[in-house]
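K.L.:
Got a structure for you, written out below as structure tokens; questions coming shortly.
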Amino acid sequence: MPSNTEIHLNILVLHGPNLNLLGRREPGIYGAVTLAEINSRLEQEGEQLSCKIFALQSNHEGILVDAIHDALEKYQGILINAGAYTHTSIAIRDALAGVAIPTVEVHLSNIYQREAFRHHSFIAPIAVGQISGFGADSYYLGLQALAHHLRKAEKN
Ligand code: DQA
């Protein structure tokens, strides 16, 4: 149960391109869990951590950039799986750096065990940290890590 003294945190969860296909997309790599299931478990986990979750999926880079800008003054943290934009999007990286909202990057697959073009992340250098390779659990571990980081920052 969340402690009564904990301040409520608003967390923006961003899912990038093709993650709407989770459950049917390359299940050998990404597993059988759907995006709706991931979001609903994140909401449940969030309650335990006194975090309110708002989740958005988009296949469009600009929509993700806009969502990051709109997060200012509304969200204390961002959890992001930018999908393929991880490896290509300077715009998403610059948006995250621009708003300077603490961000944790997650991936279902271990991107370092896969093709070389997935080994580089534009987001990792400006993120608090990255969790990669635990399937859907990467999201829940990422949320815990983000909440822990924000709580620690609150105390300082
Ligand atoms: C992914 C890894 C990316 O390389 C890929 O383009 C995705 C999903 C993951 O969660 O493992 O779309 O971010």
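Including glycine, each Cβ sits where the backbone N, Cα and C put it.
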K.L.:
From His69, His87, grab the residue that TrEMBL records in the same substrate site as Asn81, Asp94, Leu108, Ser109, Arg118.
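P.N.:
According to TrEMBL, the candidate sharing the substrate site with Asn81, Asp94, Leu108, Ser109, Arg118 is His87.
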K.L.:
In whole Å, how far is Tyr30 (active site, proton acceptor) from Ser109 (substrate binding site) when you measure between their Cα atoms?
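P.N.:
Rounded to the nearest whole number, the Cα-Cα distance is 6 Å.
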K.L.:
Can you check which residue among the binding-site residues Asn81, Ser109 has the largest number of Cβ atoms within 10 Å of its own?
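P.N.:
The most densely surrounded of these binding-site residues is Asn81.
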K.L.:
Which of the listed recorded positions (Arg25, His87, His107) has the least company, meaning the fewest other Cβ atoms within 10 Å of its Cβ?
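P.N.:
Result for the recorded positions Arg25, His87, His107: minimum number of other Cβ atoms within 10 Å at Arg25.
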K.L.:
Do you know which of the recorded positions Tyr30, Asp94, Leu108, Arg118 has the most other C-beta atoms within 10 angstroms of its C-beta?
P.N.:
Leu108
